[in-house]
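So that you can see what the record holds, here are the features copied from TrEMBL:
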| type | residues | note |
| --- | --- | --- |
| DOMAIN | 15-102 | domain 'DUF5009' |
| TRANSMEM | 56-73 | transmembrane segment |
| TRANSMEM | 94-112 | transmembrane segment |
| TRANSMEM | 124-141 | transmembrane segment |
| TRANSMEM | 148-165 | transmembrane segment |
| TRANSMEM | 207-225 | transmembrane segment |
| TRANSMEM | 246-264 | transmembrane segment |
| TRANSMEM | 270-294 | transmembrane segment |
| TRANSMEM | 306-334 | transmembrane segment |
| TRANSMEM | 354-374 | transmembrane segment |
C-alpha cells in the first residue's frame, strides 16, 4: 500500500503494485464469505496460536505501507519539504482513523446515531494509520541507525512486558486468550470499545499493546523498500545482488521467527514478535519473487487484476466494507440479501463450503469491476 496510497508513477516498481493488489484481493475474499459457518480452513484465521494463509494478509498489507515510503517520500520531500510532508502525514493519518471508525458503525449509524458512543475504537485502518504515522516520524527525523533502533526497541519492550509483567490474578508470561498482557491492557484502556467478536471480553486483536510490534512490521517494510529504491535504477548485476540480499534477509527473519516461537508462540491476534518475523520473512520472499518475474524478467501477463486493486487499494477496501455491510442488512424474504443468496446457491447448486466460496469470489469480482472502471479512467483516489 502507498503511504497510505499514492498514484502510480513510472518510477515505482510494478511488483509493489502487484503485491499490494494481490493482498487487497485476498483481504476482500476472506472477509466476505457467503457464510461464516462454512469456510475452507485456509480461508479462516487461526483460532489462537499458529497461523493460516489468511493470517498473513493484514501484516503483508502493513508491510507494503512501509515498502512504498522510500519511493513516495523522496518525491514529496523534494516537492514540499519536510513541513509539507509532515502535514500530509498528519492529514492521512487522521483520515484513515476516521474512515476506520466510520466503517465500524456503518450502516447502523444511519438509523441509530447513538451507536457512535458504543463504537469500537481500534480497527484495521486505525492500525494502518498508527503504523504509517510512527514509521513516517522515524523516516523524517531519525538516521537509518535510529530507525533500526526504534524497530528493535519496540519488539524488545513489547516482548519484555509480555514475558515478565505480572498480570493481576494470572502472573507473567501468559499467552492464552485471557491473562496475557495485551488482554489486560485493553481492558484497562479501551473501556469495552473493542471488537465484539474477539475471543475474550475486553480484548481487541488490533488493541493497544499489539500495535507496538505492528509498527515494527511497517518499519521492516520500509527497510525493504530502501533496498528496492536504492537498486531499482542501477544495472542488472546490482539488481541481482539486491535480490539475493532480500532473500537472505527473508530467511534470517524466518529463522528468528522459529527461535522466538519456542518461548513466544506465533499469534496474529497478539501480533507476537515471532509473528512479526514470520510475516516479514514471508512478505520479503513474496515481494522478491514478484520483483524477479515482473521487474527483472518483465513477465506482465495476468497482472491487470493485481494492478487494478493495487492502484486503488484504500478505495477497494472501503468499497468492500460498505457493500458487505449493506448486503448483510438489506432484507429479502425475512433474511438478509447475503443470507438469501447463500441459501439459494447452497440449496440448489453447491455444497455449503463451495457456495460460501463462490459468493466470496463473486464479491471480489464486483469490487474489481467498480475499481477497474476507475482504473481505465486513470482515477486514483488518494487520501
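Including glycine, each Cβ sits where the backbone N, Cα and C put it.
Those TrEMBL annotations? Automatic predictions, nothing curated.
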DSSP residue counts for the domain 'DUF5009' (15-102), split into helix, strand and coil: 70 helix, 1 strand, 17 coil
Remote residues contacting the transmembrane segment (306-334) - C-beta distance under 8 A, at least 6 residues beyond either end: 1-2, 4-5, 7-8, 14, 16-22, 24-25, 27-28, 31-32, 96, 99, 103, 106-107, 125, 340-341, 363, 366-368, 370-372, 374-375, 379-381, 383
Remote residues contacting the transmembrane segment (270-294) - C-beta distance under 8 A, at least 6 residues beyond either end: 13-16, 18-19, 51, 55-56, 59-60, 63-64, 67, 155, 158-159, 162, 175, 180, 182, 210-211, 213-214, 216-217, 220-221, 224, 228, 243, 246-247, 249-254, 256-258, 260-261, 264, 300, 303
